[in-house]
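The structure under discussion appears below in the form of structure tokens.
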Amino acid sequence: TESDRRTVFIALTVISLVGTVLFFLIRKQEDIKAGEENPANEIPGDNSSAQNKMTRALAAFKKSIKLSFTKEIMLLSVTTAYTGLELTFFSGVYGTCIGAVNRFGSEAKSLIGLSGIFIGVGEILGGGIFGLLSKKSRFGRNPVVMLGVVVHFLAFYLIFLNMPNDAPIAPMEGTDDTAYMIPSKNVAIFCSFLLGLGDSCFNTQLLSILGFLYSEDSAPAFAIFKFVQSICAAVAYFYSNYFLLQWQLLIMVVVGFFGTITFFLVEWKAAAALAARGSDYSSI
């Protein structure tokens with residue numbers, strides 16, 4: 001209802017504003033130390049600090065452009081592109097598909113919310129297992145990424161069997177078509193969980209390898225990561241209004257396959273460099 005939508009948007013707006021204000025209150029440790037050591041250097045109305053920040057921002061932007069053409073970033077960009085495509089799919093397209101299936105009956109629209117909950121459960125479970133416990137792994141990041149792509153491909157296959165092909169572009173009245181099996185609510189929600197779990201596998205390992213490879217240039221590296229991911233998410237939102245479900249799944253399978261291969265190449269190179277220095281792989 002309109003009142004429910006208004007309540008949700010007001011709550012989200014208040015939370016986002018509070019979070020933004022708290023974010024601005026955070027001060028870097030080095031800024032605090034610099035202020036304590038040189039309190040006399042702070043002159044009211046001095047624009048040198050602002051100019052210095054602009055210079056640093058411009059330098060970071062130039063470094064991001066230069067970094068984007070390195071071999072490692074270009075390889076990881078394929079993996080990042082996949083995360084953008086599947087982010088659009090599980091956050092927008094898949095819920096639309098579930099709500100458009102008339103064979104789910106009167107519960108079709110309510111299943112959209114339930115799907116989002118199980119995506120979140122998969123994200124939390126994957127983030128907890130592969131994020132918090134990754135330091136105990138001696139096998140590196142490749143097994144986690146392999147698990148992520150297998151989980152996603154399983155989800156795509158089940159969605160292909162369970163969801164009508166015209167579900168993403170169905171009219172407001174929904175679709176009465178069927179795929180290769182009678183649409184199952186349990187399978188649909190299970191696929192939501194798999195989508196969230198697989199996404200957490202990719203994101204935790206991508207953030208981990210970027211932080212390891214570019215510990216000194218973390219800001220430009222993560223800027224490139226978010227830029228590529230957001231661009232691909234926008235592209236996926238555009239074609240999702242025109243492509244049938246099978247073609248959208250095929251695009252993600254192809255990009256996901258090559259993205260996994262490119263991630264493996266970067267990880268093997270990182271592991272070889274670590275071994276050459278005589279460090280333990282589990283220290284990554």
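Cβ atoms here come from the backbone N, Cα and C positions, even for glycine.
According to TrEMBL:
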- 6-26: transmembrane segment (TRANSMEM)
- 73-91: transmembrane segment (TRANSMEM)
- 111-132: transmembrane segment (TRANSMEM)
- 144-163: transmembrane segment (TRANSMEM)
- 187-214: transmembrane segment (TRANSMEM)
- 245-266: transmembrane segment (TRANSMEM)
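Across 6-26, 73-91, 187-214, the stretch most heavily in contact with the transmembrane segment (111-132), judged by Cβ pairs under 8 Å, is 187-214. Between the transmembrane segment (245-266) and the transmembrane segment (6-26) there are fewer than 3 Cβ pairs closer than 8 Å, counting only pairs 6 or more residues apart in sequence, which means the two stretches are not in contact. Taking Cβ pairs closer than 8 Å, the transmembrane segment (73-91) reaches residues 67, 119, 145, 152, 192, 195-196, 198-199, 202-203, 206, 209-210, 221, 224-225, 228-233, 235-237, 240, 248, 251-252, 255-256, 258-260, 262-263, 265-266 in its own chain, all 6 or more past its ends.
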